[in-house]
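Written out below as C-alpha cells is the structure these notes cover.
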Amino acid sequence: MLSEKLEKALNEQIKIEGDSSQIYLEMASWAEIQGFEGIATFMFAQSDEERQHMLKLVKYVNQRGGQAVIPAVTKPELDHTSFKALFKQLFDHEVFVSKSINELVHIALEERDYATHNFLQWYVSEQIEEEATARTILDKINLIGDDKGGLYLFDNDIKNFNQQANNNPAV
Ligand SMILES: [Fe+2]
Ligand SMILES: [Fe+2]
C-alpha cells in the first residue's frame, strides 16, 4: 500500500511524463512541417516512449492500492526561433525530469517504501539515457548553428539514431 505522500508524488510524475509526451509530439509535428523527416520520426518515437513512461506509473500506482490520476493535456509552449533554442529547451526539460525522479526516490526512502524505490530504479537509468541523448543532439545542433546544409545532414544522421534506438529499445 502506498503512503498518501508517495501516491501524490507518483501522480505528479504521471503528469510530468504526460507533459513530456506532449512536448516531443509538438516538436515532431513542427519538424514534419519544416521538412525534417528524420527529426520528426525521432520525436514521434520519443513522444510514444514518454507515454509509456506515464502508463507504467499509472499501472504501478493502481497495483499498489493507490489511485492514478489521469492529468489534463497541457499545450506545450516552445520557443521555435532557432534550432538551438528549441533543443536547449528539450535538454533542460530532461534535466528537470531527472530532478523530479530523484526527488521521488528520496520520498520513497523517507517513506521506507522499498518496492517503490526498486520500481523507480528503472526511471533513474532511463533518465541517464534520455539526458545523454538530449545532450548529444544539443551538442550537434550547437556545432551546426543555423547552417541549412548542416541541418540537412543532421536530419539524415538522426535517422541512424532512430535505427540504433530501435535495435536497443529502452522500454
Ligand atoms: Fe520520461
Ligand atoms: Fe524523457
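From the backbone N, Cα and C atoms, a Cβ is placed for every residue, glycine too.
As recorded in TrEMBL, the features of this protein are as follows:
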BINDING   GLU17, GLU50, HIS53, GLU94, GLN127  Fe cation binding site
DOMAIN    1-145  domain 'Ferritin-like diiron'
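Taking the features listed in TrEMBL, we show where each one sits on the structure.
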| residue | record | Cβ within 10 Å |
| --- | --- | --- |
| GLU17 | Fe cation binding site | 23 |
| GLU50 | Fe cation binding site | 22 |
| HIS53 | Fe cation binding site | 24 |
| GLU94 | Fe cation binding site | 21 |
| GLN127 | Fe cation binding site | 19 |
Beyond the site residues GLU17, GLU50, HIS53, GLU94, GLN127: chain residues whose C-beta lies within 8 Å of the centroid, for Fe cation: ILE16, SER20, GLU49, VAL97, TYR123, GLU126, GLU130
Listed binding-site residues with Cβ under 6 Å from ligand 1, out of GLU50, HIS53, GLU94: GLU50, HIS53
Structural state census, the domain 'Ferritin-like diiron' (1-145) (DSSP three-state): 117 helix, 0 strand, 28 coil
Distance-selected binding-site residues near ligand 2 (C-beta under 6 Å), from GLU17, HIS53, GLU94, GLN127: GLU94
